[in-house]
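Down below is the structure, laid out as structure tokens.
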Amino acid sequence: MPLGQRAGDKSDSRYCGVEVLDFPAGEGLPAVLNHSLASSFDFILAPLVDPNYRPTPGAVLPVSASDLVLGPAQWSNHVVGKISEWIDLDAEDEQLRLDSELTLKQEIAWASHLSLQACVLPAPRRSSCGNYARVVNQILQGLTNMHLWLRLPLEKSEPMDDDLDKLQNEMVDSWELWNSFRLLCDHSSQLCVALDISSTLPSINSLGRWFGEPVRAAILQTNAFLTNGRGYPCLSKRHQKLLTGFFNHSVQVILSGRSNHNVPPVSGGVLLGDENHTEDASVRHALSPYLEYTAYLYRRMDPLPEQERFEINYRDFLQSPLQPLMDNLEAQTYETFEKDVVKYTQYQRAVAKALVDRVPDDAVSTTRTVLMVVGAGRGPLVRASLQAAEETGRKLKVYAVEKNPNAVITLHSLIKLEGWESLVTVISSDMRCWDAPEKADILVSELLGSFGDNELSPECLDGAQRFLKPDGISIPSSYTSFIQPITASKLHNDIKAHKDIAHFETAYVVKLHRIATLAPPQQVFTFTHPDFSPNASNQRYTKLQFEMPPDMGSCLVHGFAGYFDSVLYKDVHLGIEPNTATPNMFSWFPIFFPLRKPIYVPDRSPIEVHFWRCCAPTKVWYEWAVTAPTPTPIHNSNGRSYWVGL
């Protein structure tokens, strides 16, 4: 039974499992499973083979239950296999090593036969796990649907500065173990993580790294729980926050350990708020109090905001950026962007402030402001500008310039429908080619992309500013791009599946979700409009250095998340840079610049990255490269894989 109902959340984190610690001898697995399901657990993590088994010639694998005692759906939906913990593939004892390899392959083969969705691999016994990884990698090559979850303790030692040199070789960081294992298995998309959570936790920055990794389960030990004033189990604030983060990232909780709390059942049903749900005390599961508390933590989370529900299907889904100059947008694309009320409210505020500054109160009746909307689309900025004029009592003459002939048809229909014929003139032309009959006081555009300039706003506005008065106002007046390094295993694997370099040299628009941000964003390129300087160039180059938090530990950089922030006019801004993002706006997702080969960044080492914006007569493109801690190739040289057409 799910932990609860949370509006908008249909992820796997609703389901909670329990680890079976003792081998269910005599085909006792069905009884254990039925007891767990009756106690409102959704699945069990159970051993598949007797832990005392060692391979001998002719021996039959002593499984916990045959495939006849449980139906296929029960195996697939309610059992996660636990591989024998004695297995040690990097042991110095050769016989143990060979027995381990044979047993691991036998157990995985049996799990595949049962159509299990996942198996939990025991944690590596030592930091050097090359042979373990080799055997697992071999197995992964033959798997189709099943995933392997590598079990790891969630730990990282935190030495004092005085002890740093002395303990450098003795420091424990389970992320390092995971990273070595995952690299040896070449970032297999079927290799995931199950983290053992005990009573102590690493620093917040250290924990943050895991949100960019393929963590599928949090195995919550009963010794991680405290006791509240009524004698019931509870978690520390830090554990609560971590669990909430896992819930938000589709990580399932598995309860494990012996009960440390002997408490009576809570009154009424806790799961799903089912008041009719009662549990017979004689068969009450020993870990039911821990499940009830976990359900309480899940149910008290805020519902997903409406915007998040709208965007949930776009999470970590790679999309190619729009090419609005080369391509004509479709009606559905226009309609989606036009629904962004917040964006057009900000534009209306900016136009209103510009009109008030442009026309003093004593000249309102005699002055008509010329406003040009360049890239008018189907007219949302025309509407926002006219509403700003009505709000401020200013007179307005509007030119709506649009190159898409299909959108121009819609514009004419809109103007006729609204009765704006005397106020708005529609121009069917590319703004860079149009000869305006008069100069504009205000130039309004919405040509911004996720990276600010990546939809060629600078080139378009350079072409349009020739019909702006010398003291004219451009809305937006400036915009700045930002980047930050991120861990994004899922995005890396999705790009790797294409098996070519070109996809690693393409920037993608993506609703980032399963990522870890490794350092605060920094500014990349800034453009200001109008720019009447004679030698103005839209080519740019910048070098940035990112410092990792000192308590984070090592990390793996899969690429860079990109954002923008724009000043529309004076104090009216618009943007998606996380620290200053405009709330409740959905027109832009971040942009992602991948790295062909992820960069390992040692503890306390900086990242140095170079970004170029390059221009040619027919296209604009970005190039990027990392030079520290280790150099990468320059990505997208000469725009060979990704460019924006002029």
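Positions of Cβ are set from backbone N, Cα and C atoms, glycine also.
What TrEMBL says about a protein is an automatic prediction, not a curated fact.
Under the heading S-adenosyl-L-methionine binding site, TrEMBL lists TYR334, LYS343, TYR344, GLU402, ASP430, MET431. Positions annotated as site 'Critical for specifying symmetric addition of methyl groups' by TrEMBL: PHE337. TrEMBL lists GLU446, GLU455 with the feature active site, proton donor/acceptor. Look at TrEMBL and you will find 478-644 tagged as domain 'PRMT5 oligomerisation'.
In this structure, the C-alpha atom of TYR334 (S-adenosyl-L-methionine binding site) lies 15 angstrom from that of GLU455 (active site, proton donor/acceptor). Model confidence over the domain 'PRMT5 oligomerisation' (478-644) stands at 97, taken as the mean pLDDT rounded to a whole number. Between GLU402 (S-adenosyl-L-methionine binding site) and GLU446 (active site, proton donor/acceptor), the C-alpha separation comes to 12 Å. Within 10 Å of the C-beta of ASP430 (S-adenosyl-L-methionine binding site) we count 17 further C-beta atoms, all protein chains included. Note on proximity: of the recorded positions PHE337, LYS343, ASP430, GLU446, the one nearest GLU455 (active site, proton donor/acceptor) is GLU446, by Cα distance.
ASP430 (S-adenosyl-L-methionine binding site) and GLU446 (active site, proton donor/acceptor) have their C-alpha atoms 15 Å apart, to the nearest angstrom.
Residue pairs drawn from TYR334, LYS343, TYR344, GLU402, ASP430, MET431, the listed S-adenosyl-L-methionine binders, are separated by up to 24 Å at the Cα level. Around the Cβ of GLU402 (S-adenosyl-L-methionine binding site), 24 further Cβ atoms fall within 10 Å across all displayed protein chains.
Within the same chain, residues at least 6 positions away in sequence whose Cβ sits under 8 Å from that of GLU446 (active site, proton donor/acceptor) are LYS343, TYR347, GLY375, GLY377, LEU381. Counting only same-chain residues six or more apart in sequence, the Cβ atoms lying under 8 angstroms from the Cβ of TYR344 (S-adenosyl-L-methionine binding site) belong to GLU338, PRO380, LEU381, ARG383, ALA384.
Separation of the C-alpha atoms of PHE337 (site 'Critical for specifying symmetric addition of methyl groups') and MET431 (S-adenosyl-L-methionine binding site): 21 Å, rounded to the nearest whole number.
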